[in-house]
Amino acid sequence: MQSTCVYRECMRNHAAKLGSYAIDGCREYSQPSTGDLCVACGCHRSYHRRIDVISSPQINHTRFPFTSLRRVKQLARLKWKTAEERNEEEEDDTEETSTEEKMTVQRRRKSKFTAEQREAMKDYAAKLGWTLKDKRALREEIRVFCEGIGVTRYHFKTWVNNNKKFYH
């Protein structure tokens, strides 16, 4: 197994003193003949993103069936791991492959509110000033309101934060 490193784009923040963020656009470290300063941007090598590349000739990709995109990504990650990490992951993968084909990806369910719930939340949020911060004294009242219209406090808070720019 052979290990080398490659330096990619410059990550130096040139506007840090101003409290902002600005990079110079250098896409890859250009090795100078002497020293560690990049020929392209003049920054030290340590400012450039380092990628450790471990090449491993013993992995034969044709012996692995590609059952899903997830499996392909696992194999790509596996290519760059150490032998010990690779053995542990291969053991875990053999248990997952049979159930992996059966599982379907479930997306997070989006909350849907009725027109009455939206109108009630809009009126109550206007009464609160479109913020729930510093409303600890009203916490119980907010809980009762949410139970009354059939939404959780979390969903009400999220709805207020997402909609205050439209109604406030």
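Residue numbers in this text run from 1 along the chain shown.
Every residue, even glycine, has its Cβ placed from backbone N, Cα and C.
Since this is a predicted model, take the numbers as computed values, not measurements.
So that you can see what the record holds, here are the features copied from Swiss-Prot:
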DNA_BIND  106-168  DNA-binding region
COILED    76-103  coiled coil
COMPBIAS  86-98  compositional bias 'Acidic residues'
REGION    82-112  region 'Disordered'
SITE      VAL160  site 'Required for DNA-binding'
ZN_FING   7-51  zinc finger
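Using a Cβ-Cβ cut-off under 8 Å and counting only residues 6 or more beyond its ends in the same chain, the zinc finger (7-51) has no close neighbours at all. Neighbours of VAL160 (site 'Required for DNA-binding'), defined as other CB atoms within 10 A of its CB across all chains, total 20. Taken together, the residues in the zinc finger (7-51) have a mean pLDDT of 86 on the 0 to 100 scale. Counting residue by residue with DSSP, the zinc finger (7-51) contains 6 helix, 10 strand, 29 coil.
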